[in-house]
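Asks: According to Swiss-Prot, the protein carries these features:
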type	residues	note
BINDING	GLY47, ILE48, SER49, GLY50, GLY51, GLN52, ASP53, SER54, THR159, LYS188, THR210	ATP binding site
BINDING	ASP53, GLU164	Mg(2+) binding site
BINDING	ARG139, LYS172, ASP179, HIS259, LYS260	deamido-NAD(+) binding site
Amino acid sequence: MSKLQDVIVQEMKVKKRIDSAEEIAELKQFIKSYVQSHSFIKSLVLGISGGQDSTLVGKLVQMSVNELREEGIDCTFIAVKLPYGVQKDADEVEQALQFIEPDEIVTVNIKPAVDQSVQSLKEAGIVLTDFQKGNEKARERMKVQFSIASNRQGIVVGTDHSAENITGFYTKYGDGAADIAPIFGLNKRQGRQLLAYLGAPKQLYEKTPTADLEDDKPQLPDEDALGVTYEAIDNYLEGKPVTPEEQKVIENHYIRNAHKRELAYTRYTWPKS
């Protein structure tokens with residue numbers, strides 16, 4: 001293992017192996033402990049995309065909220081559907097919601113807000129690329145979730161895990177923004193392992209991962225965008241050997257996207273020693 005890989009493995013907290021029951025208990029305890037420590041929290045808010053990550057986090061949150069209520073703490077889980085117009089994988093969103101069984105479902109179509117933002121910028125002489133518009137979608141989705149959380153005395157739960165964190169494969173202040181990120185410390189295959197243990201429909205964790213943010217490249221697989229497979233990323237995070245080419249791609253993503261893992265730099269935090 002290279003020196004940088006050792007540093008990254010320590011930072012990303014991924015275990016080489018997990019026990020599903022123990023890991024789920026630990027994740028629920030983290031969520032419950034955070035709520036118990038903040039008496040103002042009356043709701044937890046999460047956008048549900050129909051993908052592996054939000055399905056797993058949604059199920060964990062609902063399980064945690066159920067236990068909190070049994071312990072006398074009044075709390076609600078609000079699952080949010082955030083389509084941009086007509087969502088191509090809407091059926092999978094519904095399957096995820098059936099599996100999660102959230103207390104409440106809110107649907108907000110982000111298309112009018114995103115399109116108006118893009119148009120307003122265009123009128124100001126700022127013409128966004130399709131990729132940049134994709135980031136607008138991600139930020140609008142998170143803005144909606146924070147608006148709901150503010151209105152309902154809640155917090156926003158994130159879906160960031162270590163296989164995304166290492167590569168920076170999320171939008172800064174978009175899907176990378178949240179109050180808590182329960183599944184940080186898991187890689188992609190471990191998320192699949194937990195969903196299988198929880199009895200999720202296979203298609204929800206065996207489907208090809210995609211952010212699906214670009215109009216010109218609908219359903220673009222994450223692995224195509226990253227230039228490396230999740231299998232390689234997961235192996236790297238577990239301290240296993242990968243090819244020199246895979247190592248270079250992963251470490252370049254890690255270095256280039258360091259700013260996404262930090263809050264705004266100050267004169268005391270930049271440059272780093």
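Backbone N, Cα and C define each Cβ position, glycine as well.
Where in this structure would I find these features, and how exposed are they?
Replies: In the three-state DSSP classification, SER49 (ATP binding site) falls within coil.
Around GLU164 (Mg(2+) binding site), the same-chain residues at least 6 positions away in sequence with a Cβ under 8 Å from its Cβ are ASP53, TYR170. In this structure, GLU164 (Mg(2+) binding site) is part of a helix by DSSP.
Listed in sequence order, ALA149, ILE155, VAL156, VAL157, GLY158 are the same-chain residues six or more apart from ASP179 (deamido-NAD(+) binding site) with CB atoms under 8 A from its CB. Secondary structure from DSSP puts ASP179 (deamido-NAD(+) binding site) in coil.
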Asks: If you run the three-state DSSP split on HIS259 (deamido-NAD(+) binding site), which class comes out?
Replies: helix
Asks: Just to confirm: which same-chain residues, 6+ apart in sequence, have a Cβ under 8 Å from the Cβ of HIS259 (deamido-NAD(+) binding site)?
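Replies: Looking at Cβ-Cβ distances below 8 Å from HIS259 (deamido-NAD(+) binding site), excluding near sequence neighbours, one finds LYS172, TYR265.
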Asks: What does DSSP say about ARG139 (deamido-NAD(+) binding site): helix, strand or coil?
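Replies: DSSP assigns ARG139 (deamido-NAD(+) binding site) to helix.
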Asks: Looking only at DSSP and grouping its letters into three states, which state does THR159 (ATP binding site) belong to?
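Replies: Assignment for THR159 (ATP binding site) reads coil.
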